[in-house]
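Chemist: Okay, these came from TrEMBL:
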BINDING   B:Cys97, B:Cys100, B:Cys141, B:Cys144  Zn(2+) binding site
Number of protein chains: 2
Amino acid sequence: MASNAVMEETLQILKDHKLRVTPQRHIILAYLVSHHNHPTVEIIRDALGKELPNMGASTIYNTLNTFVDHHLVVELQNGDGSTHYDYFGTPHYHAICTNCGRIVDVTYPGFSDTEKGLEEKTAEISGYMISGNHMEVYGLCPECQIKLGIKNNE
Amino acid sequence: MASNAVMEETLQILKDHKLRVTPQRHIILAYLVSHHNHPTVEIIRDALGKELPNMGASTIYNTLNTFVDHHLVVELQNGDGSTHYDYFGTPHYHAICTNCGRIVDVTYPGFSDTEKGLEEKTAEISGYMISGNHMEVYGLCPECQIKLGIKNNE
DNA sequence: TAATAGATGAGAACCATTCCAATGTAATGA
DNA sequence: TCATTACATTGGAATGGTTCTCATCTATTA
């Protein structure tokens, strides 16, 4: 269960985006804000089952799609066949393990300059009016490197 | 139909990757090498129907997945529900229209430095052993800007 | 040329996601 | 506060892209 602070914060986020505040939206957003586990719809359903047992899968899909439209949340694919969701409160990107699918958030000072540079170059070259970007980096997570007996040569 | 030069080039690519050379693989790769239309399985099937009328959808999926595993081809989602494929001969990334789904290839001098920088930072921060990345930029393509009557303020 | 590991093809199966229609409810304003 | 209404939620059915199965075929090799 999310803290009071998170509940207040997420309530405000919904209002700021002029989204009708329903218990379902509130609790789903609070879950995403307070967890960085990049959940699927199924994981969210299981996690919130105690608080809203009758919440339909369609509602979760609808809600997440709404959040994505409002750029509150981003969708991620890690190769397991279902979509993962991540609250996008602060700019970051994702490293995805090609072996186990683990997703971790990454950022560093100067990342936003990299982003900005990419977007400006893209606008210049393609003529697109840019609204956003996605960056992902693939590789083996530390656990899988060990599991697969791979030597890191540095 | 792909040119002789493309057929020779793609034959060599298959051999270099130690992939068994079948007519299906050869023609699909040749199609991808000579078209930059980011096709779906259905589009490929239609385009090659005259040359190999009995080619099954499973074969196209199998073939493309094999190419993806060998990093010859990348998968793209533009929001229309199906996967698009792109031969990845030279480093580039994609700009995707959020209105009509149009995908265009983009690159610029210095892009590979941006990529390299991102990968190095990611390895350093996450401990992942990096094998690749994907960058995408979203926005409205020039046609949709006009269609939607959007003024470009620059 | 024979042996065989691997590829193909047709259709069934899968399953994440969307659609639909009925019901419920949050926001608005009188 | 209450009535109105536009929007959200539900649950189940439908959708459709992708994978699976397995019998058949074939590219490679020795």
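Any Cβ shown, glycine's included, is placed from N, Cα and C.
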Chemist: Are any of the binding-site residues B:Cys97, B:Cys100, B:Cys141 near chain A, where near means a Cβ under 8 Å from a Cβ there, and if so which?
Modeler: B:Cys97, B:Cys141
Chemist: Among all chains shown, work out which of the binding-site residues B:Cys100, B:Cys141 has the most CB atoms within 10 A of its CB.
Modeler: B:Cys141
Chemist: List the same-chain residues at least 6 positions away in sequence whose Cβ sits under 8 Å from the Cβ of B:Cys144 (Zn(2+) binding site), in sequence order, or say none.
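Modeler: Sequence-distant Cβ neighbours: B:Cys97, B:Asn99, B:Cys100, B:Arg102.
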Chemist: Taking DSSP as the reference, which of helix, strand or coil describes B:Cys144 (Zn(2+) binding site)?
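Modeler: SS state of B:Cys144 (Zn(2+) binding site) = helix.
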Chemist: Taking the Cβ of B:Cys97 (Zn(2+) binding site) as centre, how many other Cβ atoms lie within 10 Å?
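Modeler: Around B:Cys97 (Zn(2+) binding site), other Cβ atoms within 10 Å: 22.
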